[in-house]
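To start, the structure itself, in C-alpha cells.
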Amino acid sequence: MTDPQNGRVVTRFGSQMLVRDEAGEIHRCTARRRLEHAVCNDHVHWHRDPQGHGVVTRILPRHNLLERMDPRSRKRKRVAANLDQVAVVVAPEPEPNWSLVDRCLVAIEQLPARGVIVLNKRDLLQDGLPPEPLREYRDLGYAVLAMSTQDGTGLEALRETLSRGTGILLGQSGVGKSSLVKALLPDLEIRIGALSAMGGEGGRHTTTNATLYRLDTGGDLIDSPGVRDFTPPPASPREVLQGFVELRELAAGCRFHDCSHTVEPGCAVRAALESGRVSPRRFASYRALVEETG
C-alpha cells in the first residue's frame with residue numbers, strides 16, 4: 001500500500017471517481033462507503049492498495065459547497081466544492097431573468113465566492129448598450145464581462161478571470177454556457193473521450209456529471225452539462241439580506257436590529273431607496289425572495 005497522497009476529484013460516478021494528483025496525473029479510484037458523498041473538486045487523500053487500485057480514504061474540509069434544487073424531486077443536489085468564483089451567464093436572447101441572477105448572487109455570497117456576471121451573445125444587443133441591470137451589478141462591485149463566441153470578443157477577459165482559481169458557469173437554459181465552455185476548452189471532446197475511457201463502464205456519465213478541467217491559461221473550470229437550468233436552494237431572510245451586498249451594509253444603520261425594511265421607523269434601507277441610492281428593481285427582487293422564504 002502506498003503512502004497517502006493529496007488529490008482533487010475530477011468527476012465521479014457512483015462509488016468510482018477520477019482523482020487528479022498534485023502532478024496533474026489522473027487516476028481512477030474507489031471511494032470508501034462512508035465517502036460516497038464526495039463531489040467534483042473535493043480535495044481528498046488517496047492511496048494505492050496492495051493490488052494497485054486507487055482508494056480515496058478521506059475528504060478534506062471544504063471551503064464551500066455549491067448546491068442546486070432538483071426540479072423533479074425538489075431536493076438539494078450537490079454540484080461542486082471549493083469554488084473561488086462563480087460566473088452567472090445571461091444573454092439578450094432568451095430575455096434575461098434578472099430575479100434568477102439575483103438569486104444566484106445570493107447563493108454565491110453564501111458560499112462565499114467571487115461573483116462574475118457574463119453577458120454572452122453581445123452581438124445580439126439591439127443598440128449595442130448593455131441592459132441597465134448590468135450597470136447596477138457593476139456599480140455594486142461585481143465584475144461584468146461582455147462577449148460573443150461568434151467572433152471571440154471578450155473571451156480573453158473571461159479566460160483571465162477564470163485563471164484566478166476554480167470557477168463554474170451558471171445560468172438559465174439557452175444563454176450559451178456550452179458554447180462558452182467549448183470556446184474556453186477547444187479540445188473538450190478529446191478530454192471527455194479520455195476521461196470516459198478511464199472511467200470504464202461508469203465513464204459514460206462524464207457527459208452529464210460535473211467535471212473539473214484544467215485551463216491552458218491557468219485555473220480550473222468545472223463543466224456541469226447535466227444542469228441546464230440552475231435553481232439555487234431556498235435561503236433564510238437573513239441569508240437573502242446578506243446576499244444583497246448594498247442592502248446588508250445599509251441595514252447596519254437601521255434603528256431596529258430586526259428591521260424588516262418595510263414599515264419600521266428609522267429604516268436606513270428604505271431611506272436609501274427613497275433617495276435613489278438603492279435600485280428599485282433590486283429592492284423589489286429582495287422583497288420577493290424574502291416573501292418566498294416566509
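A Cβ is built for glycine as well, from the same backbone N, Cα and C atoms used for every other residue.
Taken from TrEMBL, the feature GTP binding site applies to N120, K121, R122, D123, G171, Q172, S173, G174, V175, G176, K177, S178, S179. Feature annotation from TrEMBL assigns Zn(2+) binding site to C254, C259, H261, C267. Annotation comment: TrEMBL describes 73-230 as domain 'CP-type G'. If you look up TrEMBL, you'll see 81-228 marked as domain 'EngC GTPase'.
Features as recorded by TrEMBL, highlighted on the structure.
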residue: N120; record: GTP binding site; Cβ neighbours (10 Å): 27
residue: G171; record: GTP binding site; Cβ neighbours (10 Å): 26
residue: S173; record: GTP binding site; Cβ neighbours (10 Å): 10
residue: V175; record: GTP binding site; Cβ neighbours (10 Å): 24
residue: K177; record: GTP binding site; Cβ neighbours (10 Å): 25
residue: S179; record: GTP binding site; Cβ neighbours (10 Å): 15
residue: C254; record: Zn(2+) binding site; Cβ neighbours (10 Å): 19
residue: C259; record: Zn(2+) binding site; Cβ neighbours (10 Å): 19
residue: H261; record: Zn(2+) binding site; Cβ neighbours (10 Å): 21
residue: C267; record: Zn(2+) binding site; Cβ neighbours (10 Å): 21
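Of the recorded residues, H261 (Zn(2+) binding site) and G171 (GTP binding site) place their C-alpha atoms 29 Å from one another.
Cα spacing between K177 (GTP binding site) and C259 (Zn(2+) binding site): 39 Å, rounded to the nearest whole number. Secondary structure at C259 (Zn(2+) binding site), as computed by DSSP, is coil. Of all Cβ atoms in the shown protein chains, 20 besides its own fall within 10 Å of the Cβ of R122 (GTP binding site).
A gap of 44 Å separates the Cα atoms of S179 (GTP binding site) and C259 (Zn(2+) binding site). N120 (GTP binding site) is 38 Å away from C259 (Zn(2+) binding site) when you measure Cα to Cα. Largest CA to CA distance in the GTP binding set (N120, K121, R122, D123, G171, Q172, S173, G174, V175, G176, K177, S178, S179): 19 Å, whole number. Secondary structure at C267 (Zn(2+) binding site), as computed by DSSP, is coil. In this model, the domain 'CP-type G' (73-230) carries an average pLDDT of 90. For the pair C267 (Zn(2+) binding site) and S173 (GTP binding site), the C-alpha distance works out to 38 angstrom.
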